[in-house]
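Contents: one structure, followed by commentary.
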């Protein structure tokens with residue numbers, strides 16, 4: 001075991017990274033060596049068992065906890081670890097497999113006090129809390145001391161407070177850094193391996209950044225240079241963390257600039273992140289990891305500056321001169337407690353443990369922790385989002401949660417996908433989660449199914465069982481995109497989250513998050529939320545000929561720019577949507593599938609979430625279809641069948657008594673943007689390479705196009721029919737490389753049945769497996785330096801391909817561009833659009849599974865499990 005491990009250490013050192021944590025097999029080998037240690041290896045073996053085994057309910061932690069438990073019970077021995085030391089080591093494992101033994105040791109005369117000391121600083125107790133409380137009631141002195149310690153918050157008091165002054169060195173990245181810069185999509189396979197993945201951070205050369213190996217290894221020399229000044233380093237930018245929700249972006253920043261977590265291998269916490277604007281999901285992920293994220297004007301900071309930050313006073317000064325650079329206000333005073341506790345999640349869990357212990361002991365509420373400042377009640381009405389969150393928090397019907405209020409809404413639906421799923425699995429293990437508390441947790445395999453690496457194949461084989469044994473639902477590789485499936489599992493007016501920034505429910509509301517917070521939501525069934533303000537977008541009038549929903553998606557940033565509420569320039573960036581909820585009304589004849597195109601794109605606005613006012617009939621039709629789909633899934637052997645049936649029954653219950661929340665007429669919004677559909681007379685695109693840079697077709701027409709992509713969660717079956725109708729009229733091939741990727745296998749099947757795949761083949765299109773395809777850029781990519789029209793979600797630099805120029809546009813405009821080999825004039829486009837408009841009723845039909853015999857019969861014949869009410 002040691003020989004193989006040392007070889008691994010050498011291989012990793014050659015890559016410039018630390019060794020991976022021990023797996024279960026290696027830990028089992030280590031256990032045998034600890035029982036009979038080779039001479040001279042004693043210290044090394046002790047270090048491995050102490051510091052290189054993951055905590056929680058990891059498989060290796062199971063082996064470690066089993067061995068240490070056997071020692072304290074006298075069932076095993078090691079000359080290096082006595083009973084006392086074994087109990088202490090159990091106390092370093094955070095929670096999960098170590099807890100039962102530590103609680104039992106409270107009855108052991110020899111080790112009770114040692115076990116008590118460990119439990120006093122263990123937060124992940126869950127149901128084992130009651131085992132300690134029962135012992136305390138029966139007079140167990142050690143258990144009493146544990147309960148009292150929890151009640152007094154000793155776990156929190158033992159940690160140092162945030163200092164009055166922080167002296168830091170600036171690592172400045174000018175302009176906008178999105179999460180793809182920090183955690184590049186082509187390197188997604190390595191995300192769970194934090195040290196290895198971190199090497200790719202900022203690997204593309206840009207202003208002020210010099211990668212060691214452009215395209216593969218980031219600016220390690222610059223990082224070492226700022227560290228050499230001897231102070232902790234702050235990551236600083238103009239706009240930081242836009243784009244995907246990936247926690248791997250935070251992990252990479254903290255790997256270089258954070259602090260080691262005692263007894264936890266290959267993971268760091270703490271650190272500092274400052275930005276003129278910090279995207280909301282990235283901000284929350286930093287919070288969860290124990291970092292100190294602060295928004296202030298960073299214009300006058302440069303790479304290598306040494307600054308003094310005064311977190312309580314709210315000012316930044318130059319270390320040498322004392323010159324005030326800028327001032328700031330913390331988003332919430334609770335942030336300082338979060339940093340002290342090691343993160344927002346440890347604070348929430350620990351605070352809950354303290355409250356529980358105080359209630360058990362008959363004590364009043366603790367005044368140890370900072371409380372969020374409750375906003376003044378304006379007495380005005382509530383928005384739709386505020387009412388949805390209010391219901392999820394158990395408030396009286398019709399009551400909402402005011403912006404600025406801290407709350408913990410119930411998570412009804414949680415989604416996870418395959419490039420974040422392995423990290424979510426690790427986080428769930430760290431949280432000692434063996435069963436989900438959220439009502440429905442779904443895992444997809446849409447980002448890696450098409451062109452899997454060996455590590456992806458391993459994930460495809462192992463992650464489904466991990467999810468299903470905890471009561472979750474697992475899709476299969478090739479099924480299609482997470483959102484296209486998860487949307488069909490939603491309940492109206494409920495709240496959820498997902499480990500993908502495009503988890504934007506078209507019914508209800510979701511607050512997408514990084515994998516740590518997603519794991520917390522899945523495990524506990526709630527999620528911490530500082531309720532954001534809302535921005536209302538109100539459409540009026542009638543949709544003009546040739547104008548698509550995607551044009552309305554892009555009209556939102558276009559109109560915001562015209563009104564001075566959004567700027568494309570990164571310095572002094574203005575974005576009215578950032579961190580707020582986008583609420584949309586006025587499009588009263590949308591289907592739910594169409595509504596998702598609008599809610600989905602709220603991610604590109606950096607909005608915290610989105611709601612859309614939809615008619616009751618549209619939602620009822622959608623749920624009827626989805627009940628059939630869920631029972632078809634049960635018949636097809638998808639699991640967990642009880643979770644699927646429970647959700648189907650909840651949909652039936654809503655249909656039996658349909659009702660929808662509505663915004664009050666006097667609800668308050670941070671801004672109201674009115675868009676008259678009569679004024680949107682030509683297609684609106686987003687120009688390279690910024691989803692905020694919305695432009696009219698007439699301003700960019702004529703640009704030569706090399707490649708076209710029609711796919712992503714922004715598309716549905718109607719878009720592929722529209723493209724097919726246009727392509728069918730082409731004689732011979734097309735002058736562009738055309739990629740087509742339907743969102744689900746059901747769409748692909750239906751399009752095949754209707755003959756569209758034959759049309760695509762005749763046109764020379766490259767057909768991709770249902771799923772994300774080019775959109776994330778982690779597998780197949782467009783040609784370097786090409787100009788592309790894409791229906792995908794984002795057009796950040798280097799996302800679809802290296803050095804590409806990408807226009808975001810509707811499927812209809814994308815299809816026309818593929819035929820012409822250029823962006824058409826408005827007149828050219830309208831000539832094609834006229835044909836589509838004349839066939840709209842046939843083209844824009846959506847999948848109603850309750851009306852498709854194959855699905856209806858399979859659902860009727862499925863073996864439905866009994867579900868407890």
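Backbone N, Cα and C atoms are what each Cβ position is placed from, and that goes for glycine too.
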- Task: Let me know which member of 321, 501, 510, 712 Swiss-Prot also records as binding substrate at the site of 191, 244, 245, 246, 417, 418, 419, 794, 799.
- Result: 501
- Message: Taking DSSP as the reference, which of helix, strand or coil describes residue 775 ([4Fe-4S] cluster binding site)?
- Response: helix
- Message: Are there binding-site residues among 191, 245, 417, 419, 794 that sit within 10 Å of residue 775 ([4Fe-4S] cluster binding site), Cα to Cα? If so, list them; otherwise say none.
- Response: 794
- In whole Å, could you give the widest CA to CA gap in the substrate site formed by 191, 244, 245, 246, 417, 418, 419, 501, 794, 799? 21
- Task: Taking the recorded [4Fe-4S] cluster site as 713, 772, 775, identify the other residues of that chain whose CB atom sits within 8 Å of the mean position of the site's CB atoms, giving them in sequence order.
- Result: 446, 447, 481, 502, 711, 712, 714, 741, 743, 771, 773, 776, 792, 793
- Have a look around residue 775 ([4Fe-4S] cluster binding site) and count the other CB atoms within 10 A of its CB, chains all included. 26
- List the same-chain residues at least 6 positions away in sequence whose Cβ sits under 8 Å from the Cβ of residue 245 (substrate binding site), in sequence order, or say none. 179, 281, 285, 420, 498, 499, 500, 501, 503, 512, 513, 514
- Task: Looking only at C-alpha atoms, tell me how far residue 417 (substrate binding site) is from residue 772 ([4Fe-4S] cluster binding site), rounded to the nearest Å.
- Result: 11
- Item | CB contacts for residue 772 ([4Fe-4S] cluster binding site) [other CB atoms within 10 A, all chains] | 34
- If you draw a 10 Å sphere on the Cβ of residue 191 (substrate binding site), how many other Cβ atoms land inside? 24
- Item | Pairwise Cα distance for residue 772 ([4Fe-4S] cluster binding site)/residue 191 (substrate binding site) [Å, integer] | 18
